[in-house]
Amino acid sequence: MKMSPERGGAEGKEEGSRMASAALPEAEAVQPRNKGNFKYAFTCALCASMATIVLGYDVGVMSGASLYIKRDLQITDVQLEIMMGILSVYALIGSFLGARTSDWVGRRVTVVFAAAIFTTGSLLMGFAVNYAMLMVGRFVTGIGVGYAIMVAPVYTAEVSPASARGFLTSFTEVFINVGILLGYVSNYAFARLPFHLSWRVMLGIGAVPSALLALMVFGMPESPRWLVMKGRLADARAVLAKTSDTPEEAVERLDQIKAAAGIPRDLDGDVVVMPKTKGGQEKQVWKELIFSPSPAMRRILLAALGIHFFQQATGSDSVVLYSPRVFQSAGITVLIDGLFG
């Protein structure tokens with residue numbers, strides 16, 4: 001039996017109407033992003049990312065302070081270069097220590113540790129009376145920088161909703177550059193002081209932003225992932241409810257974290273006993289990640305490691321650290337004389 005075009009067209013319209021009607025409740029079920037939750041997650045990420053200011057400040061302030069240090073302490077070029085470049089080695093040690101500390105006491109407390117260590121290092125450098133004491137201050141400062149650059153992006157990623165995670169984790173790099181700017185401002189602000197005092201104030205004043213950071217951290221929640229690792233599901237659920245776009249996302253994020261922590265999906269309560277894991281299980285995870293990752297994970301690793309490697313390979317920190325001395329060697333003495341007054 002042949003169907004007329006008019007009848008076929010009418011039935012097609014009816015079918016389209018039924019499909020649209022069926023899709024309408026589903027579309028209405030999609031909830032818009034909770035702006036209040038986004039603001040809360042934004043604030044938490046902002047506060048945590050401010051920890052990386054300490055790295056930028058040290059790089060920026062040392063570029064100008066080095067001129068005064070060399071003149072005041074009468075040190076050689078080699079000693080000066082060691083003092084300026086050794087921070088990266090100390091920061092590497094601090095990042096390894098910070099990783100263990102953050103798993104032990106939590107991400108938030110680790111940020112406080114980072115701020116406290118950097119504050120101590122800044123004061124040691126500010127009150128240094130000789131090169132040896134200055135190097136001790138550099139060591140302590142480097143450990144604090146390592147703690148900060150490790151924990152800030154970890155906390156930010158763990159507290160951020162999926163829709164804004166990439167945006168919020170970029171704050172760590174933003175605040176490194178803010179710190180460099182503050183270091184330059186410090187150079188300019190205290191350049192008119194006597195040269196034996198100016199560099200001490202430039203370095204010592206770095207304790208102020210790190211001390212303020214330590215106070216701000218107490219208004220931040222703990223990382224939901226760390227809370228789950230400690231079996232505190234109720235606390236993790238509360239944090240996720242405040243930092244997720246929708247209630248459904250909060251539930252999904254909690255399930256994913258529980259699965260990663262080895263907690264059965266049906267195990268639900270305010271506080272649960274974490275399943276015991278064998279000592280070699282963590283090593284096995286690292287082996288799989290490094291030696292036999294999935295194709296998707298391999299691309300992620302290459303992108304992440306490649307970006308950071310080539311960023312440092314450009315020597316951008318060296319340009320910042322040595323630019324005043326480069327200007328001086330190039331014969332641009334007006335700016336240098338202006339710094340020294």
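Cβ coordinates come from backbone N, Cα and C, glycine included.
Just so you know, TrEMBL annotations never went through curation; they're auto-generated.
Look at TrEMBL and you will find 1-17 tagged as compositional bias 'Basic and acidic residues'. Summarising the annotation, TrEMBL assigns domain 'Major facilitator superfamily (MFS) profile' to 44-341. Per TrEMBL, region 'Disordered' is recorded for 1-27. Residues annotated as transmembrane segment in TrEMBL: 40-62, 82-99, 111-129, 135-155, 167-185, 197-220.
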Count the CB pairs under 8 A between the transmembrane segment (167-185) and each of 40-62, 82-99, 111-129, 135-155, 197-220, then give me the winner. 40-62
With the transmembrane segment (82-99) as the reference, find which of 40-62, 111-129, 135-155, 197-220 contributes the most Cβ pairs under 8 Å. 135-155
Maximum Cβ pairs under 8 Å to the transmembrane segment (135-155) - stretch from the list 40-62, 111-129, 197-220: 111-129
